[in-house]
Amino acid sequence: PVLVESLLVLAVVLAVHGAVWDRFSWCALALALQAFYVQFKWDRLLQLGGAVFQFRGAANSGLLPSSMVIPLLGIVMKERCRAAGIVYFERFGIVVASTGMLLALFLSVLAVGITKPVPTNTCILTGIAGSVIIYTMKHSLAVSEVIEVLEVLLIFVYLSMILLYLLPRCFTPGEALLVLGGVSFVLNQLIKRSLNVIEGRGDPVDFFLLVAVVGVVLLGLFFTVLFTFMDSGTWISSLFFHMMTAVLGLGVIMPWLYRLIQRNPLFWLLQFLFQTQTRLYLLLYWSFLAASACGVVFYQNAKRSSGSKKHQASTVTRKYFHFIVVATYVPGLIYDRQLLYVAAVLCLAVFIFLEYVRYFRIKPFGQTLRHLLSLFLDERDSGPLILTHIYLLLGMSLPVWLFPRSCAPKGTLSGAGALVPYSGVLAVGVGDTIASVFGSTMGEIKWPGTKKTFEGTMTAIFAQIIAVALILIFDSSVNLNSSYAWILASVSLVSLLEAYTTQIDNLLLPLYLQIMLMA
C-alpha cells in the first residue's frame with residue numbers, strides 16, 4: 001500500500017512538472033524522490049518506537065504525500081499568477097513553494113539523523129536533493145524572502161517541539177508537517193502584515209482568517225500550560241477559563257484585528273454577514289443544517305443503550321455529516337463565496353474552542369461533549385484530541401481559503417481551475433463519502449493490502465463526474481473549456497489515493513485535487 005500511495009503521489013508530481021516545467025518543478029521532483037526513500041526510515045522508526053515523539057499508530061509516516069502538498073501548491077499558484085501578470089502573488093507562490101520544500105527537508109534530515117545505523121545511501125540522496133533546492137532558492141529568492149522562509153522554519157521547529165510533546169498520538173509525521181507547517185506559515189504572515197500595516201491595503205476577510213487561526217492556537221497553548229499546574233475540571237478552573245477567554249479575545253485578538261482592518265471588528269463582521277438578503281437566507285439555511293447535525297448527534301446517543309457503552313456509530317451514520325457539509329458548502333460556493341469564506345473561519349474557531357472545552361472538561365459542557373462525541377470516534381482519534389470533524393471542516397474550507405482570487409479574472413480561473421473551490425466538495429463530500437458508503441455495504445473486491453474496495457473507488461469516480469456535470473448546470477461562472485480529460489484523470493488519481501493512503505483523507509485529498517485542477 002505504501003508503494004502504491006507513493007507511485008500515485010509521484011504521478012501527481014510528474015503531472016505538475018509536465019504542466020509547469022521550470023526550476024521549481026525540478027526541485028519538487030528531487031524532493032519527491034528523496035522523500036520516497038526517507039519515509040521508509042520514518043516507518044521503521046515508528047515500528048521500533050525510536051521516533052522522538054509519540055505519533056499516531058495504525059498509519060505509516062506519510063512523509064511523501066505530506067511533503068509534496070505545500071511545494072506543489074506554491075508552484076501551481078506561482079504559475080497561475082504569472083499567467084495573470086500579478087507579480088506580487090507570483091513571488092508569494094515562490095515563497096510558499098520554497099518554505100514547503102525546506103520544511104520537508106528538515107523532517108527528512110531529522111529522520112536520517114536519528115536512524116541507527118546511519119543510512120549512507122539515503123543521506124547522499126537527501127544531500128543531493130537539499131543542495132539542488134538550496135541552490136535554486138539562492139538564485140530565485142530575494143534576501144527578504146529568504147529571511148521569511150527561515151522565520152517559518154524556526155516557528156515550525158519550536159511549535160513542533162511544544163505541540164508534539166503536549167499532544168501525543170494525535171499526528172503522524174506527515175500530518176504534523178501539514179498542520180504545523182500551515183499554522184507556522186499563517187503565524188509568520190500575520191506578524192509580517194501586522195508590522196507593515198498600510199491603510200486600505202489587503203482584504204479584511206484574509207486578515208480575519210489569519211487572526212482567527214493564530215488566536216485559537218495561542219488560546220490552546222496558554223490553557224495547556226496553565227492547566228498543567230491546576231485541575232481543569234473544577235468550577236473555579238472553568239470560571240477562570242471563560243474569564244481568560246473573554247480577556248484574551250477582547251484584549252488581544254480584537255485589537256489585533258482592529259489594527260489590521262482599521263475598523264471595529266464586531267461592527268465589520270455584523271455588517272458583512274447581513275449585507276444582502278441572499279446572505280440572510282444562506283445564514284438561516286445553514287442554521288437549520290447545523291440544528292439537523294446536532295439532532296443527529298443527540299438521536300444517535302439516545303439510541304445507545306446503557307448496556308452497550310462500546311457501541312460506535314456506523315460508517316453510514318458518520319458519513320451523514322459529510323452530506324450535511326456538502327449541502328452547506330454548495331449553495332455558498334454558487335451564491336456567495338465571500339460569505340462562505342468568513343462563515344468557515346467562524347466555524348473553525350467554534351469547533352476548536354469546543355474541543356478545548358471537551359479536552360479540559362470545562363464545566364458545564366465539557367463532560368457532556370465527551371459523552372456525546374465518544375460515539376463517533378474512529379481509529380484515527382487515538383490521541384487526547386478528537387480532530388476528525390475539524391479535519392472535515394478544513395478539507396472543505398481550504399480550497400476556498402487558498403483560492404488565488406487576486407490572480408483570477410472575474411473571480412474564476414480558466415479551464416479545470418474553475419473547479420478549484422469545489423475541490424473539497426468533490427474529493428471529500430462526494431468521493432470519500434460515496435466510496436465509504438458503497439464500499440462498506442456492497443464492496444467485495446478489495447484493493448491489495450487495504451480494506452478499501454474496487455467498487456467503492458469506481459463508484460466514487462463516477463459520482464464525482466456526475467457532481468461536475470451538476471456544477472456546470474447550476475454554477476454559471478464555471479467554464480471548463482473542454483478540459484474534461486484532465487478533470488477525469490485528476491478525480492481518478494485522487495480517488496485511488498483515497499483507497500491507499502493511511503493519512504487523514506479529509507485533509508489530504510482536497511489539497512491534491514486542488515493542485516491537479518490548478519495545474
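Every residue, even glycine, has its Cβ placed from backbone N, Cα and C.
Positions annotated as transmembrane segment by TrEMBL: 7-37 (among others).
Remote same-chain partners of the transmembrane segment (88-112), defined as residues 6 or more beyond its termini with a Cβ less than 8 Å from a stretch Cβ, comprise 24, 27-28, 31, 34-35, 38, 41-42, 45, 52, 61, 63, 66-82, 118-119, 122-123, 126, 129-130, 133, 137, 140-141, 145, 148-149, 152-153, 156-157, 173, 177, 181, 184-185, 404, 406-407. Annotation comment: TrEMBL describes 88-112 (among others) as transmembrane segment.
According to TrEMBL, the transmembrane segment annotation covers 118-137 (among others). Below 8 angstroms of C-beta separation, residues 23-24, 26-27, 30-31, 33-34, 37-38, 41, 98, 101-102, 105, 108-109, 112, 146, 149 of the same chain, each at least six residues beyond the ends of the transmembrane segment (118-137), sit close to that stretch.
What TrEMBL lists as transmembrane segment is 149-167 (among others).
The transmembrane segment annotation in TrEMBL covers 207-227 (among others).
Per TrEMBL, the feature transmembrane segment maps to 239-258 (among others). Beyond the ends of the transmembrane segment (239-258), by six or more residues, the same chain brings 194, 207-208, 211, 215, 218-219, 222-223, 226, 232, 264-266, 353, 360, 362 to within a C-beta distance below 8 angstroms of the stretch.
Summarising the annotation, TrEMBL assigns transmembrane segment to 278-299 (among others). For the transmembrane segment (278-299), the residues of the chain that approach it from at least six positions outside its boundaries are 317, 320-321, 324, 327-328, 331-332, 335-336, 339, 343, 372-373, 375-376, judged by C-beta separation under 8 angstroms.
Through the fold, the transmembrane segment (320-335) approaches residues 278, 282, 285-286, 289, 292-293, 296, 343, 389, 392-393, 396, 400, 421-422, 424-425, 428-430, 432-433, 474-475 of its own chain, all at least 6 residues removed from its boundaries and within a Cβ separation under 8 Å. Residues or ranges marked as transmembrane segment by TrEMBL: 320-335 (among others).
Beyond the ends of the transmembrane segment (382-402), by six or more residues, the same chain brings 56-58, 73, 77, 167-171, 209, 321-322, 325, 329, 333, 337, 340-341, 344-345, 347-348, 351-352, 355, 358-359, 373, 376, 420-425, 427-429, 504, 506-507, 509-511, 513-514 to within a C-beta distance below 8 angstroms of the stretch. Annotation comment: TrEMBL describes 382-402 (among others) as transmembrane segment.
Through the fold, the transmembrane segment (422-442) approaches residues 315-316, 319, 322-323, 325-326, 329-330, 333, 392, 395-400, 452-453, 455-457, 459-461, 463-464, 467-468, 471, 491, 494-495, 498-499, 505-506, 509-514, 517 of its own chain, all at least 6 residues removed from its boundaries and within a Cβ separation under 8 Å. Residues or ranges marked as transmembrane segment by TrEMBL: 422-442 (among others).
Taken from TrEMBL, the feature transmembrane segment covers 454-474 (among others).
Annotation source TrEMBL lists transmembrane segment at 486-513 (among others).
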Ranked first among 149-167, 454-474, 486-513 for CB pairs under 8 angstroms with the transmembrane segment (7-37): 486-513
Beyond the flanks of the transmembrane segment (149-167) by 6 or more, those residues with Cβ under 8 Å of it: 52-53, 55, 95, 98-99, 102-103, 106, 137, 141, 176, 180-181, 183-185, 187-188, 221, 224, 383-385
